[in-house]
Amino acid sequence: MNWTELAISFFVLLGGLFMLIGSIGLARLPDFYMRLHAPTKATTLGVGSLLIASMLFFSIKNSMFSIHEVLITIFLFITAPVSAHMMAKAALHVDTQTLERTQGSEAHQAATARKSTPSEADLANKQEGSES
Amino acid sequence: MLKTALLLVNFMIAMALLLSLWRLIQGPSLADRILALDTLYINSIALIILLGMYMGSPLYFEAALLIALLGFVSTAALCKYLLRGDIIE
């Protein structure tokens with residue numbers, strides 16, 4: 001047992017643990033806006049740590065510095081917050097139910113108010129329709 | 001030792017896949033299902049990377065990169081569909 005194998009096993013176990021914690025949070029938390037936190041943070045970290053392990057593994061196995069795993073890491077670290085933001089906006093738009101103790105209800109009320117009052121484009125369309 | 005760790009983590013990620021599948025089936029709202037699909041594709045990237053390490057072949061990275069790209073595009077398309085009622089206007 002040499003120390004490189006120990007380091008690779010440590011990173012693999014860390015990554016698996018983070019993935020499992022993220023999915024347990026997805027399954028167990030009570031509210032959508034709470035559930036949004038668990039996978040988008042913990043799972044990204046888990047994949048990053050697994051990719052560090054795989055970089056070490058292939059660098060040692062082929063005795064050549066292997067860098068192309070960084071592509072997946074960079075891509076996931078860029079896209080995970082973007083997709084979380086888009087999912088939160090979609091949930092606000094379809095009026096997902098929240099618990100009483102979920103904070104930030106102002107944003108929820110603002111979204112529902114924005115949806116119930118007609119926008120300026122709708123009003124312009126309506127006027128054109130009544131004139132013709 | 002590495003083989004044992006890889007098998008153990010394989011089991012953990014299989015459990016994570018089952019938990020997010022449960023949320024995908026049960027999820028009370030549409031946004032929950034989109035979130036479960038997002039978690040499923042990230043979990044499958046991890047599973048493919050583990051398979052590549054277990055087999056000792058670097059060929060699996062292209063598959064993982066493709067899944068990452070297409071997963072983000074599918075999440076964005078589903079959110080766009082919920083927001084606007086249409087994907088490409």
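Keep in mind that glycine also has a Cβ here, set from the backbone N, Cα and C atoms.
Under the heading compositional bias 'Basic and acidic residues', TrEMBL lists A:123-132.
The region 'Disordered' feature in TrEMBL is assigned to A:101-132.
Through the fold, the transmembrane segment (A:6-30) approaches residues 37-39, 41-43, 45-50, 52-53, 56-57, 60, 99 of its own chain, all at least 6 residues removed from its boundaries and within a Cβ separation under 8 Å. The transmembrane segment feature in TrEMBL is assigned to A:6-30 (among others).
Non-local neighbours of the transmembrane segment (A:42-60) in the same chain are 4, 7-8, 11-12, 14-19, 21-23, 25, 66-67, 69-70, 72-73, 76-77, 80; each lies 6+ residues outside the stretch with a CB under 8 Å from one of its CB atoms. According to TrEMBL, the transmembrane segment annotation covers A:42-60 (among others).
Summarising the annotation, TrEMBL assigns transmembrane segment to A:66-84 (among others).
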